[in-house]
Amino acid sequence: MGERKVISKYYPPDFDPSKVAKIKVKRPTFTKVTTMLPMSIRCNTCGEYIGRGTKFNAKKETVQNEDYLGIKIYRFFLRCKKCAAELTIKTDPKNSEYVCESGATRNYEPWKETDEEKSNRMTKEQEEEQDAMIALENRTLESKREMEMLDALEEIKSLNSRNSEIDTEQLLEYNLQKQELEEKLQDEEDDLLVKSIFNNKNKLELNQINDNNSINNNIDSNKIKRIENDDDDGDKFNSLFSNNNKNNKNIINNNNNNNNNINTTSISNTIETTPTTNQKTSILGNKVKVVINKQEEPIPKNNNNSEPNSFSSFMSAYSDDEED
């Protein structure tokens, strides 16, 4: 187990640790930091302007063999965000600011006065206080410089006016007229849009009214057709009903005639028979036949008066036979 885990190692007796070669570990000379630009700069490679306060992942190192009153000076390596060119800036503890070292130039800041400019201004003021002639000369030089600057500005304006065919006042008037025309056109477009919207709304309302009227007309026409069809069906039913009534009346009349004929035959048979036993059976047979015929054929209600006459005649004939 000990050999497998290599817990204990064997050192020979002639081992000299001083002779063992030391492994050089490469350590990073830079430290990565996230910084913000303390000033606005311009890239010399692509001309991109980088504003103050832009964040960068920079590499920081200490400048060798360079310090100010024992204060270390640091160098920062940056990358341009557009062309990825390397930019370097250094700390300046003497003036309490930063300096562009390579890859970029610092933008001009008129509110910031360097120490050299400040020292020159102080010496100039002291000289003017000591000697009035020097002060007078300096004032004349400053006035002369101002006059030269004004002349240069006037020349530039005259050149621009010659090159330009349109006067500034005319240009302003043209811009005002153009703006008024655009506003007028916009107002007209808005009015047309509003009118079109309202016209479409009115058209839709009219179409809806027409559709409703057409639907109502269709419904009324369908109702009229149904009523006419119902009237036709009623006429047909009435005609059929009247025909059925006529047929029923004819059938009833035929039945009445048949019953009357049967009754007359039964009565004639009873009168013609003689008082013998054989004739009784024949009379009974005829009577049975008459009764059967009455059950098979329905008797109408209108002939109730004829039925008791036939039955009474039948019973009287039967009683006469029994007495005999």
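Every residue gets a Cβ built from N, Cα and C, even glycine.
Looking at the stretches 232-262, 294-324, the one that Swiss-Prot records under the feature region 'Disordered' is 294-324. Excluding Cys43, Cys46, Cys80, Cys83, which define the Zn(2+) site, the same chain contributes Asn44, Thr45, Gly47, Glu48, Lys81, Lys82, Ala84, Ala85 within 8 Å (Cβ to the Cβ centroid), listed in sequence order. Cβ neighbours within 10 Å of Cys46 (Zn(2+) binding site), excluding its own Cβ and spanning all shown chains: 12. DSSP assigns Cys43 (Zn(2+) binding site) to a strand.
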